[in-house]
Amino acid sequence: MTLKLFFLTLFLLLVFSSAVYGRRFISDDSGGVIFDGVHSEIGRDLEILRLDRNFAGREEESCEQSYGFLPCTKTALGNAFLILVYGYLMFLGATYLSSGSELLLEILGPGIIGGLFLPVLGALPDAMLILVSGISGSTAAAQSQVSVGMGLLAGSTVMLITVIWGTCCIVGKCDIQNSVAVDMKDTNGFSLTGSGVSTDIWTSHAATIMAASVTPFLVVQLPQLLHSTSGRHLSVLIGLIISLTLLVSYCIYQVFQPWIQSRRLAYVKHKHVISGVLRQLRMRALGRLCTDQGAPNIEVLEKLFNAIDENEDGHLSRTELKALVVGIRLEEINLHENDAVEKLMKDFDTSHDHQVEMSEFIAGVTKWLTEARGSEAPSPEAGPDTMKYLDDLHEQTRREHHFLGDQSDESVETVENPRSTAIKAVLLLLLGTVIAAVFADPLVDAVNNFSSATSIPSFFISFIALPLATNSSEAVSAIIFASRKKLRSASLTFSELYGAVTMNNLLCLSVFLALVYIRGLTWDFSSEVLVILIVCVVVGVFASVRSTFPLWTSLLAFLLYPFSLVLVYVLDYKFGWS
């Protein structure tokens, strides 16, 4: 809080000093000059010349103040300071948006809030900066300033999945055993192959979506690839339509993802109960459950039924069925014994009389044996003779459950005062939105002025500096979550990074393409698009085909960042792509 007050105080002092400077007018003090008949005309001409020279000098040094009162300067050092101040204010705006979104998520839960509003609000500061970079001024000025927006878009994408990705991998590293990072165990130090992080299957899906989100870039780039100039404006429109379509599809997927995830978890738990119960039956059976032809052994199943039917009433009750699930180790999949019994009753009790008859028991076991044989069994020795495929299926479902990242055992804290929390969330969201909207334009102006003063292309300034302001809150949050050294926290960390990049590639690109199309600007960003394509496709495909990342992968991620800068410089200034 002290640091925030310091920067805000410094900013207000700067504004005040600018206002004071703005009140200094050039006064004509020619009234104090004494003219004598002969020299009066010469003296007047000299005085006018002196005033014109002073006025011209001040006009050359003047700059246009944003909103008529925010400070501005033409010097490199002054603009560097303004970039820091405005960048910090944008960081505050992004932080308020993030905090308000999290509070809203606590009240309303996932679904529309977690799937639609949170990703959009996370990309709002970037979208604001891109919008103001080309919305005002003449077409020529917009064409010059829009490179700031492209630099921010490329810089945010590259920074999140290179520098931040590699940092999270190092911070969240755990010992890798059997190709899986063990939660909370970090004894191998900085071993490049023995330490790393593991993520769940949903994170791999997020990486796949991120890689696919670069499709609009390819569409817009087609005329350049075909060396055509006639279809560039049309390709921008087509790319905009595709980008908006993918954005809506992604938001819908995010809304329904919790439901999809719960259904997938329920299916895996069901398979785990099937494999566990069949293993228990196999161990208690006096013979083989299946014949040599693979059919169920009716005689053995009848003996099993009679052994389980302790009161010998010809029916299996819930209490008697519960004996079958005791040794399945249901705690591995966060499933209670009563829930497992319910799954048994649901599949076996076809008459719905809350008890299982012998015919229903035989039919149910036969159905489960068929499902177990139809599932993939990794062991080559598994077969109907050894029934080892049941052990393989049981281990397979346990691993599937682990990589699905079940969070059903986590305690959910209730919000004590939902009304006040909702008001606080809305105020934070409004404050963050206002800050992002107000200070986006001054920040873009400061970047352009700094570029003019230092002769450094504005793209590289926005590529390096602006993402630090707009994505700092996401980066800090990701690193904090990764430091918990668990599969769930690592999965959440990398999913957030992939989701942020996806929103950059869809929402921010949609804003950018809309500017280019409506204002009739020229799409001339081949090298920038190539960098985005390389980084997103390499990281996205790599993260979609594997779920464990040894420490050496973080080094590759770090190298992609300077590689991106060098590639843009070489293509633009050595090969003349731009």
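Backbone N, Cα and C define each Cβ position, glycine as well.
Automatic, uncurated: that is what TrEMBL annotation is.
Per TrEMBL, the features are:
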SIGNAL    1-22  signal peptide
TRANSMEM  76-96  transmembrane segment
TRANSMEM  103-124  transmembrane segment
TRANSMEM  144-171  transmembrane segment
TRANSMEM  234-256  transmembrane segment
DOMAIN    296-331  domain 'EF-hand'
DOMAIN    336-371  domain 'EF-hand'
TRANSMEM  421-440  transmembrane segment
TRANSMEM  460-482  transmembrane segment
TRANSMEM  494-519  transmembrane segment
TRANSMEM  525-545  transmembrane segment
TRANSMEM  552-571  transmembrane segment
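Using the rule of three or more Cβ pairs under 8 Å, pairs at least 6 apart in sequence, the transmembrane segment (144-171) is in contact with the transmembrane segment (552-571). Contact check: the transmembrane segment (494-519) against the transmembrane segment (552-571) gives fewer than three Cβ pairs closer than 8 Å, residues 6 or more apart, which falls short of the contact criterion.
Remote same-chain residues near the domain 'EF-hand' (296-331) are listed as 272-273, 276-277, 279-281, 284-290, 337-338, 340-341, 344-345, 348, 354-358, 361-362, 365-366, 369 (criterion: CB distance under 8 Å, separation of at least six residues from the stretch ends). Taken together, the residues of the domain 'EF-hand' (296-331) have an average pLDDT of 76.
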